[in-house]
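For reference, the structure is listed below as structure tokens.
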Amino acid sequence: MAPDSDPFPEGPLLKLLPLDARDRGTQRCRLGPAALHALGARLGSAVKISLPDGGSCLCTAWPRRDGADGFVQLDPLCASPGAAVGASRSRRSLSLNRLLLVPCPPLRRVAVWPVLRERAGAPGARNTAAVLEAAQELLRNRPISLGHVVVAPPGAPGLVAALHIVGGTPSPDPAGLVTPRTRVSLGGEPPSEAQPQPEVPLGGLSEAADSLRELLRLPLRYPRALTALGLAVPRGVLLAGPPGVGKTQLVRAVAREAGAELLAVSAPALQGSRPGETEENVRRVFQRARELASRGPSLLFLDEMDALCPQRGSRAPESRVVAQVLTLLDGASGDREVVVVGATNRPDALDPALRRPGRFDREVVIGTPTLKQRKEILQVITSKMPISSHVDLGLLAEMTVGYVGADLTALCREAAMHALLHSEKNQDNPVIDEIDFLEAFKNIQPSSFRSVIGLMDIKPVDWEEIGGLEDVKLKLKQSIEWPLKFPWEFVRMGLTQPKGVLLYGPPGCAKTTLVRALATSCHCSFVSVSGADLFSPFVGDSEKVLSQIFRQARASTPAILFLDEIDSILGARSASKTGCDVQERVLSVLLNELDGVGLKTIERRGSKSSQQEFQEVFNRSVMIIAATNRPDVLDTALLRPGRLDKIIYIPPPDHKGRLSILKVCTKTMPIGPDVSLENLAAETCFFSGADLRNLCTEAALLALQENGLDATTVKQEHFLKSLKTVKPSLSCKDLALYENLFKKEGFSNVEGI
């Protein structure tokens, strides 16, 4: 049986599509004309849908806006507890025989059990009249069924989050319609099933959700079975990850699935001003979790744990708070139905005593989303937005390297705001187009980039904009671009991804421009580091900054870390006489980082169950590219294979390369018909790429000088006059030095000479 087919394929299959944003909260079932005719349904008829994953939902039949057959869209506003419509990954289609037209007579009275927002407890905890009014408003003109749950639409105001239908008359019918004459009452017994919360889509968090679900659902649902088996289950879980990746959202979703009462507390909010107040607040929160556990499984979520439990030092108040939390965590292990979940973006700042078994037994790391995960997140966010069919979410995912879930939400919100402002002038119904997302990119930067040292917002450069150097371009693509884009082929051939590349050659030969083009083609982060970013008057600060740069680059992978003019940052250790030179210490840190660059176990994201997910894991590394025009002063340990695997010589352009560079430089320049780029290329021997661009600039300025500001063309005579003033920056002696530099050293990884 195909994994996406219905288990009862006796009827026509309808493909289950995501709900249109305009139909949220309407309780509609969108069907094609053929399906409506087969059911004999009229507009607004009540339809009961039996779901493949169990449960059912009650909707009203409505035609699809595009009139297409073979598709179905559901709004499960009224469904049985635990029913899963859009969350199923194993089934993507429904048999038409699962849709049943049911009678829906008006109801005289209905009894409901309300689920209040903010976990207010029993209905009597708040004004009964206000709760009853909110329940009547939620049920008005809706078909309902006994035992089903009516969930408030997303974003709807009011006290009530959901209503359990616990009674109604007449009861023999499978469904009934709540009319203005229907008497709604609060009564009955609360259902034994977990009180539902609005479904939280987990775009890009599936693997972390599986890990957390495994740790939480077993002790919460099967505590006695685990005790009988003699298994000690973890009572505490620590979530670690950068801000905005969805730690809180993940906990809420898993708590909903496990049917647990969630008590979410921000740790900084527990801080008190007077002595002992913080400890008192912490004890009160744990006591509240125990009270909730008396009614069923309870989950205590402590956000920003590093603010509450930093590493203990000489400050007595912090030590007392940490000791109190440790005592309460040890006591919570005796409460079988209380699970404590902590979240932090600084796990190293926590006191080590918290992270031992028996307290926070397990740690679940949520990293910056990968390409596949960003696409899933964008699909979840835009499913509620009217986006144009021209918007390519895959392309947006490629453009959002380093964006976390909160950044992507802000990006979509900014695009929606731009579309709204644009629609006031052109149309009544705003539609988010590709241009709106491009405008939003100007205002929304990824949060993981905001504190990165040396991060550059580079101007995109295409390979075609770099004249000549075809052999060098191919070598760079093979060394860096191919491993990022075709990792499966590399593994099949037994190849490993290079860790680093050294570009060396005369000044002005496009070393930096080549790296910019490489970063553009690979769609990766680009971090450029110079000596000014590293060196500090304080001892040990430079080494710390370099380690921080590598750590931040790994958090923004795939990334290219560009060490421009590396000779000014590092030197050869043999040239240091004191043995404690700062460049020598920085070199030591760089060598250690190069040996350790790659995918750490705690940073792993995605799985290897498919080729695309394997590519996500393979790309979790930082590519080091260094550039210098003085390779003779570099330490030989840096140049061995395994660190800077490839040493590529960037030669000055030959005749063909100079002609290509001149064409690129004069592409936007109004040159006259008498200009012969072929002759200019022949006359510019020993000119670097920077020299040729300077030559074209001087010729254009000379044309303005001779013909005034009204000059329209640059003629051949202007180029010839500029040749008399612009001299080449290279010589035969310089070229011979670069070409023979590594030959005598015997390096096997030098290319391009």
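Heads up, the Cβ atoms here are built off N, Cα and C, so glycines get one too.
Taken straight from Swiss-Prot:
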- G241, P242, P243, G244, V245, G246, K247, T248: ATP 1 binding site (BINDING)
- M1: N-acetylmethionine (MOD_RES)
- 1-189: region 'Required for interaction with AFG2A and CINP' (REGION)
- 171-203: region 'Disordered' (REGION)
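Neighbours of the ATP 1 site: apart from G241, P242, P243, G244, V245, G246, K247, T248, residues of the same chain with C-beta atoms within 8 angstroms of the site's C-beta centroid are A343, N345, I366, V404, G405, A406.
According to its DSSP assignment, G241 (ATP 1 binding site) is coil. For G241 (ATP 1 binding site), the same-chain residues that are 6 or more apart in sequence and have a Cβ closer than 8 Å to its Cβ are K247, A343, N345, V365, I366, G367. Ranking the binding-site residues P242, P243, G244, G246 by other CB atoms within 10 A of the CB puts P243 at the bottom. With the fewest other C-beta atoms within 10 Å around its C-beta, T248 stands out among the binding-site residues K247, T248. In sequence order, L205, I366, G367, T368, P369, V404, G405, A406 constitute the residues six or more apart from V245 (ATP 1 binding site) in its chain with CB-CB distances below 8 Å.
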